Each structure stands twice: as structure tokens, then as C-alpha cells.
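Novice: Pulled the feature table from Swiss-Prot, pasting it below:
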| type | residues | note |
| --- | --- | --- |
| DOMAIN | 1-38 | domain 'Rubredoxin-like' |
| BINDING | C4, C7, C25, C28 | Fe cation binding site |
Amino acid sequence: MKICRICGYQIPEGEFNLLEDGWVCPRCGVGKEELQDSAEPLGGRDPLMLIFRAMTVGLWRVLGNGSQGVTREMGSVIADNIRHGDDPLKSAADYFIEHGFAASISTDTENFALNVKNCSFYGFCCSLEEDGVLLSTCPYANTAAAVLERTTGYRYRIKRNKGDHGHIIEFSRISKK
């Protein structure tokens, strides 16, 4: 069994050997060189992700859009651990790349946007959206918003759009803090 090191996608060894050179993971978009050997298929889903999913769905059912007050705090906690540079979005992107959350994150400082590719949470986020849960738990979005708020003094509205094997996250100023 081969398993994608980014998103956990699994493919049997026999099928892997038949893949063409240009093949990319259907879930996160990395090349086949990012698939690793595994003695046996993963049994079930990662328990921590199941717990996180249950908390997210529960928050959404109870609070709806109000759950964003809780999930924004997640970004603030992560922002406390980021080395801030001249470019707050790049600082946040570098942190997530360094910790293996995504294969690449490009930043557009002028338009306050992140383009996250090969996200390790992509499949998780898509499953939440398919279940009707507005995704407010994105660590990239919440952390980048917290870093921007700290450096500019403004609050930001977050908008996420689907990109190629990830999301494009845009931030728009809404008010002074």
C-alpha cells in the first residue's frame, strides 16, 4: 500500500506501479513521489481528526456562524507562536510550510490573499463542506487573520475559494480593532 504523506490518500502497490509520470494525487495534488510505503492500509481515520471534526460539527449545530468566535481564537493561539516579519502573511505561510501543513503557500500581500496548495487538511475540509458545515476552522485563514489584525490594527473578513488542490483565502478589512 502507498499512502500520500500530505493527505493520507491510499493506493494499492499494484495500482501505484501502473501510474503514469504526470499522475497527481486526486485529493491534494502532489506527485506520486510524495507517496510512501505502508505495510498495511490505515485502519479507520485519525482519532484526533475525528475529535476535531466532531467538535467543529457540534459547534456549528449549536452556534452556526457564532462558532467563528471560537475558531478565530485557534488562529490567535497559533499566531502567538509565529516569528513576525515585515510581511505578516508570509510569516504565517512560512510557519505552516515549516510544520508540514501544506506543500506550498503563496502570498499576495497587496490583495491580502493566500493560495494554499497540497493542504494536509484538504480532504477533511471538503468533507465538512459536503455536510453543510461552513468552514470556519481553517488554520491558515484564522492564523493569517490574527497576524494581520495584530500588525495592521484592523479586523478582517475571511473568504475562501476553491483553488487547484487547495484553497485561495482572501482577507478584506472591515473595521478598526
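Even glycines carry a Cβ here, placed using N, Cα and C.
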Novice: Other than its close neighbours in sequence, what residues sit by the domain 'Rubredoxin-like' (1-38), given a CB gap under 8 Å and a spacing of at least six beyond its ends?
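Specialist: Those are 46, 102-103, 117-120, 122-123, 164-166, in sequence order.
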Novice: Determine the Cβ neighbour count for C7 (Fe cation binding site): the number of other Cβ atoms within 10 Å of its Cβ.
Specialist: 22
Novice: If one looks at the chain holding C25 (Fe cation binding site), which residues at least 6 apart in sequence have a CB under 8 angstroms from its CB?
Specialist: C4, I6, C7, Y9, G31, K32, E34, L35, H165
Novice: Show, in sequence order, which residues other than C4, C7, C25, C28 on the same chain lie with their Cβ within 8 Å of the centre of the Cβ atoms of the Fe cation site.
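Specialist: Once C4, C7, C25, C28 are set aside, the remaining close residues are R5, I6, G8, Y9, P26, R27, G29, V30, E34, N118, Y122, G123, H165.
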Novice: For the domain 'Rubredoxin-like' (1-38), DSSP counts of helix, strand and coil?
Specialist: 8 helix, 10 strand, 20 coil
Novice: CB neighbours of C4 (Fe cation binding site) within 10 A?
Specialist: 22
